[in-house]
Amino acid sequence: MLAATVLQMPPQSQSRNSGLVLGVCLDQLMQQPATMTAAKSLPDSELSKEKQLTTSRSMRCWPPPCFILFVSLLEIFVFVYVGSAPPEDSLLIYRPDRRLQLWRFISYALLHASWLHLGFNVFTQLLYGLPLELLHGSGRTAVVYLAGVLAGSLGTSVVDSTVYLVGASGGVYALLAAQLANVLLNFGHMRHGLAQLLAVIIFVSCDLGYTLYCQMALLEYQPGAGPTISVSYIAHMTGALAGLSMGLFLLRQLDGSLRPRLLRWLALGVWATFSGFAFAFNLVNSVTAQLLAEEEGEVIKQHLLHDLGMER
């Protein structure tokens with residue numbers, strides 16, 4: 001069977017190309033004129049768009065989506081190791097009285113209260129995070145996810161500073177909001193942009209509705225006692241806010257055009273303002289609590305000395 005051909009160059013072209021052209025596939029020779037004709041018939045703008053779309057499709061599978069898979073496996077491993085009821089003295093749980101241990105603002109996302117809690121978060125972040133990571137890369141997706149986790153703990157520490165926090169809901173809602181940002185940035189270049197937008201809205205509505213139903217059911221069967229495990233809506237909302245703002249700031253547009261600078265700086269400003277206020281709030285609270293504890297300790301010390309007749 002003929003696998004390759006050997007062509008002898010014409011004598012008049014020996015000054016330009018001397019020798020033989022080896023290994024030219026027959027099908028390549030047959031397809032070359034058609035390719036050249038198609039290239040000549042398309043305008044430059046259409047060629048550039050087609051080239052960008054082809055490059056975008058070829059980049060979707062490389063590099064592979066490592067971050068979401070790694071985080072999901074890590075959360076499953078920690079749940080199996082720790083159990084369904086993480087202890088209050090765990091080094092990973094977020095506790096307001098140990099807010100100076102800064103890793104707790106992120107590490108709480110590795111703990112979950114039940115198999116249902118873990119399964120829902122892992123399923124959701126795989127469902128929405130993998131397509132986002134395939135399209136925009138692991139780096140951007142990691143920043144969006146971690147920003148949502150951090151925003152969840154920061155928001156909870158400001159609004160409801162007495163609760164302990166577990167679960168990756170802040171990061172999950174950041175991915176959902178980043179999908180909204182992706183649709184807003186690339187709506188004109190998506191085949192089913194409206195369907196993706198409606199899918200996120202319906203999913204979030206069902207999640208919130210189910211959560212409200214469960215809490216009302218617990219209050220009905222345990223009147224006055226309250227639910228044993230409550231849902232932090234602040235973590236959900238602040239995680240979504242972080243995901244939307246960081247998504248508008250970081251995610252790329254598929255057509256290669258530049259988004260308005262005002263939109264980027266506005267999104268970054270929202271995230272920076274919220275984070276700066278939350279960090280300042282926690283710092284002031286921590287310092288104030290420490291000073292009050294020292295003052296209270298000094299008062300107790302003086303009372304003890306007075307009772308013992310050793311007052312100075």
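Heads up, the Cβ atoms here are built off N, Cα and C, so glycines get one too.
Keep in mind that TrEMBL annotations are predicted by a computer and have not been checked by a curator.
According to TrEMBL, the feature active site, nucleophile maps to Ser169. DSSP assigns Ser169 (active site, nucleophile) to a helical segment in the three-state reduction. Taking the Cβ of Ser169 (active site, nucleophile) as centre and 10 Å as the limit, one finds 28 other Cβ atoms among all the protein chains shown.
For His236, the entry in TrEMBL reads active site. His236 (active site) falls within a helical segment according to DSSP. Its own atom aside, the Cβ of His236 (active site) has 24 Cβ atoms within 10 angstroms in the protein chains shown.
Here TrEMBL flags 101-252 as domain 'Peptidase S54 rhomboid'.
Outside the transmembrane segment (66-85) by six or more residues, the chain places 92, 109-115, 118, 121-122, 125-126, 129-130, 133, 138, 141-142, 145, 168, 171 with a CB less than 8 A from a CB of the stretch. Annotation comment: TrEMBL describes 66-85 (among others) as transmembrane segment.
With a cut-off of 8 Å between Cβ atoms, the residues of this chain six or more beyond the transmembrane segment (105-130) that come close are 65, 67-69, 71-72, 74-76, 78-79, 82, 84-86, 90-94, 99, 141, 145-146, 149-150, 152-154, 165-172, 175-176, 179, 200, 203, 207, 229. Here TrEMBL flags 105-130 (among others) as transmembrane segment.
What TrEMBL records for 142-159 (among others) is transmembrane segment.
According to TrEMBL, the feature transmembrane segment maps to 165-187 (among others). If one looks beyond the transmembrane segment (165-187) by at least 6 residues along the same chain, the residues whose Cβ comes under 8 Å of a Cβ in the stretch are 71, 75, 86, 93-94, 108-113, 117, 121, 124-125, 128-129, 132, 135-136, 141, 144-153, 156, 193, 196-197, 200, 203-204, 231-232, 235-244, 246-248, 251-255, 259.
According to TrEMBL, the transmembrane segment annotation covers 194-213 (among others). Long-range contacts of the transmembrane segment (194-213) within the same chain, counting only residues at least 6 positions beyond its ends with a Cβ under 8 Å from a Cβ of the stretch, are 120, 124, 128, 173, 176, 179-180, 183, 231.
Marked as transmembrane segment by TrEMBL: 233-251 (among others).
Through the fold, the transmembrane segment (263-284) approaches residues 99, 147, 150-151, 154-155, 157-158, 238, 241-242, 244-249 of its own chain, all at least 6 residues removed from its boundaries and within a Cβ separation under 8 Å. According to TrEMBL, the feature transmembrane segment maps to 263-284 (among others).
Counting residues 6+ beyond its ends, the transmembrane segment (233-251) has Cβ neighbours under 8 Å at 136, 140, 143-144, 147-156, 159-160, 165, 167, 169-182, 184-185, 259, 263-264, 266-268, 270-271, 274 in the same chain. The predicted model assigns the domain 'Peptidase S54 rhomboid' (101-252) a mean pLDDT of 83. Taking CA atoms as the reference points, Ser169 (active site, nucleophile) and His236 (active site) are 6 Å apart.
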